[in-house]
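Student: In case it helps, TrEMBL gives these features for our protein:
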type	residues	note
DOMAIN	A:66-273	domain 'ABC transmembrane type-1'
TRANSMEM	A:72-92	transmembrane segment
TRANSMEM	A:104-124	transmembrane segment
TRANSMEM	A:148-170	transmembrane segment
TRANSMEM	A:197-215	transmembrane segment
TRANSMEM	A:252-272	transmembrane segment
Amino acid sequence: MRFSKSLLLFPVPALALYGTFFVLPAVQGLQYSTTDWDGFSPSFHNVGLDNFREVATADDLFRNALGNNLKFLLAVVIGQTVLALFLAVLLAARSRGSTWLRGLFFLPTILSSVSVAFVWRFVYDPNFGLANRLTGLHESYLGDEKKAIFFVAITQIWFHAGQMMIIYLAGINQIPPELYEAARTDGANRWQQFRHITWPLVAPATTLVVAYTTIQSFKAFDLILGLGGNPPRGALDILSTRIYTTFANNQLGYAAAESVVFMLAIAAVTVAQNRATRLAHR
Amino acid sequence: MSNLSRRTLLFAAAGSALAACAGPGGDADEKTVTGFDGPVEGQLSFAHWRAEDKDVLEQIVASFVQKNPKVTVRQDISPSNDYQSTALQKIRGGSVGDAFTAFRGAQFTQIASVGVFADLSTQSDLVGKFDPKLIAAGTSESKQLGLPYQLVFNMPVTNVDLLAKYGYTDLPKDWDGFLGMLDGLKAKDVTPIAWPGGDAANAGQLLNTMVMNNIPSDDALGKFETGEVKATDEWFVHTLKQYAQLRPYVQSGANGTGSEAAQQLFATQKAALLATGSFMAGAVRKLGAKFPLGLYAPITTTADKAKYEGVFNATFILGINAKSSKQGAALAWLKHLADPAVAGVYANGTSQHVTVKDVEYTNEDLKSFAPWLTRKTLLAPRFQFNNLDVRSAVENATVQVVGGTDPAKAAEAAQRVIDQKR
């Protein structure tokens with residue numbers, strides 16, 4: 001077949017958009033990260049790798065945010081994946097009840113994160129909140145320095161588990177029913193069917209859910225600001241809110257350096273998780 | 001494709017890449033600036049953070065438009081903390097905020113430093129309508145760049161009836177007396193202090209009165225950033241110890257309580273004091289509070305050593321954008337706001353005093369707070385911070401202490417962050 005050079009024009013719009021809105025800002029971000037620009041002054045200084053050195057060695061607030069983010073990530077990835085898979089397995093059968101319940105569990109996903117944060121602020125309120133009323137406890141929830149981030153994780157799980165459930169449902173519906181019939185004929189109980197059929201065959205869905213949940217956990221910016229205020233206290237500060245606070249503090253160069261480290265952290269965790277997921281499904 | 005068009009494409013791509021990577025510091029798009037003599041017409045953007053004042057400001061806009069039919073005013077409102085963080089970026093281009101407001105302190109200083117405020121010094125018919133003692137926060141290098149509009153008292157609001165019911169008509173003038181009053185209220189099953197420890201923006205308001213006599217200087221807290229004072233200094237650790245003494249007297253789970261819940265506790269008479277400021281009077285009324293409101297600042301020293309009785313802040317600094325193409329209309333808008341009758345509508349409608357002279361206050365809460373206009377009050381020290389991380393470190397130390405952290409440890413942790421961030 002004859003190759004027409006004019007075909008080369010077809011990717012130009014996509015490449016132009018990608019270049020303008022992704023590549024150039026990313027390159028510019030890298031450039032800013034080596035400066036001390038405050039975000040509005042006409043002048044700035046190049047500081048080389050000083051911003052990165054400071055982020056790595058002399059920034060307790062960034063380290064605290066990273067620690068909080070990892071705790072949040074662990075709680076959300078484990079909690080959300082387990083809950084989503086549990087709900088998907090329970091609701092895989094097609095019946096009127098399960099269709100209704102799927103809709104119910106998916107409902108929080110369509111709400112805006114600001115609305116979710118607003119509602120859960122009242123749930124967690126120590127004096128008027130639903131959480132203390134239902135449990136009879138006297139917890140301060142978001143005011144508890146050690147546990148606050150886990151209470152935000154519960155909100156995030158409530159918010160997105162229904163969405164992940166749909167991905168798992170799609171995965172489960174792809175599994176041929178004959179496999180379960182054969183397993184039942186061989187005397188496998190429900191746990192054995194799950195362990196040896198469902199779990200290995202939903203591996204692609206699990207990879208997707210874990211990767212998506214990981215990225216979501218790193219970017220839970222609006223939920224944190226809605227629940228913890230702006231800027232959030234140390235107990236609720238995660239990497240995205242830390243970067244925003246640095247930006248708001250007129251340290252754009254330093255915020256750009258934090259963003260680069262943030263991007264590397266997401267990449268590292270995602271790669272590690274992909275490997276772990278593959279191992280778990282062997 | 002011809003060689004020429006390929007080359008053109010290549011140049012265009014290279015040009016846009018170079019333009020994008022030209023480096024920081026480029027100025028925003030240039031617009032035609034008309035000056036104060038420009039026409040009073042077009043759509044004016046008024047940028048501010050007071051969503052709760054929107055309705056009252058709409059009334060004022062309506063009266064302005066009636067006088068100036070060729071102009072409309074759009075309120076561009078952001079929540080206060082977002083406004084603090086992002087207003088400068090938004091208004092420096094001139095497309096938002098032909099007229100705008102600024103917080104006193106760090107934000108005003110930043111906006112002034114990049115030349116976004118048009119100089120109002122020559123507008124004597126406008127500036128002359130304000131009380132000169134109260135607009136100093138709007139000056140920079142001897143120029144009147146902005147005009148503080150609101151006058152608020154950043155000190156606890158009291159339920160006068162509830163305090164009187166338990167015998168507290170003359171409020172204590174020293175720390176021991178204050179603790180005694182809190183103890184007495186607690187014994188009557190009243191929560192002595194409703195404190196929004198879970199809301200960073202308002203949890204820190206109490207710090208104003210807690211330090212006003214421990215280090216009686218209006219730039220004391222700003223000195224954390226220069227290193228002249230430290231969180232581990234005796235006076236600050238002493239202040240944190242006093243916060244620790246308040247633990248039994250704030251509501252249960254205070255560190256997780258937001259502003260709305262604290263207001264609710266106060267409005268429903270479960271709490272006697274609301275440890276925020278006079279700016280919450282309107283919100284408390286909207287929650288149905290019918291009782292008379294007062295103001296009270298805890299005196300943290302003995303009576304003879306107390307220099308100040310309370311704290312005030314002149315803020316909501318009105319300014320005109322130097323990059324605006326509608327400066328004539330913006331000036332007319334500011335003059336309208338400075339009209340004593342209009343300022344009265346704003347003040348009485350929002351339960352906040354204003355810095356405009358000759359305003360008649362008809363709002364009962366404003367009448368009740370009026371004696372504080374002439375008492376010994378300190379310009380709120382909390383607004384001297386220029387660095388958000390330093391401010392958060394200091395204020396978080398107070399929140400953590402109320403939550404149970406040892407004052408000395410909280411002070412050390414705060415100082416470590418201050419040393420890294422200042």
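Yeah, the Cβs are placed from backbone N, Cα and C, and that goes for glycine too.
As the structure is a computational prediction, the values presented were derived from the model and not from experiment.
Help me picture these features in the structure, burial and contacts included.
Tutor: Sequence-distant neighbours of the transmembrane segment (A:72-92) (same chain, 6+ residues past either end, Cβ-Cβ under 8 Å): 98, 101-102, 105, 149-150, 152-154, 156-157, 160-162, 164-165, 167-169, 171-173, 194, 198, 202, 206, 209-210, 213-214, 216-218, 220, 238, 269, 273.
Counting residues 6+ beyond its ends, the transmembrane segment (A:104-124) has Cβ neighbours under 8 Å at 87, 91, 130-131, 141-142, 151, 155, 158-163, 165-166, 222-223, 225-227 in the same chain.
Residues 68, 71-72, 75-76, 79-81, 83-85, 87-89, 91-92, 102, 105-109, 111, 113, 116-117, 120, 124, 141-142, 202, 205, 208-209, 212-213, 216-217, 220, 223-224, 227-228, 233, 235-236, 238 of the same chain, all 6+ positions outside the transmembrane segment (A:148-170), place their C-beta atoms under 8 angstroms from a C-beta of that stretch.
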Student: Using Cβ atoms and a strict cutoff of less than 8 Å, what residues sit near the transmembrane segment (A:197-215) while being 6 or more residues removed from its termini?
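Tutor: Answer is 73, 76-77, 80-81, 84-85, 89, 160, 164, 167-168, 170-172, 174-175, 179-180, 183, 266, 269-270, 273-274, 277-278, 280-281.
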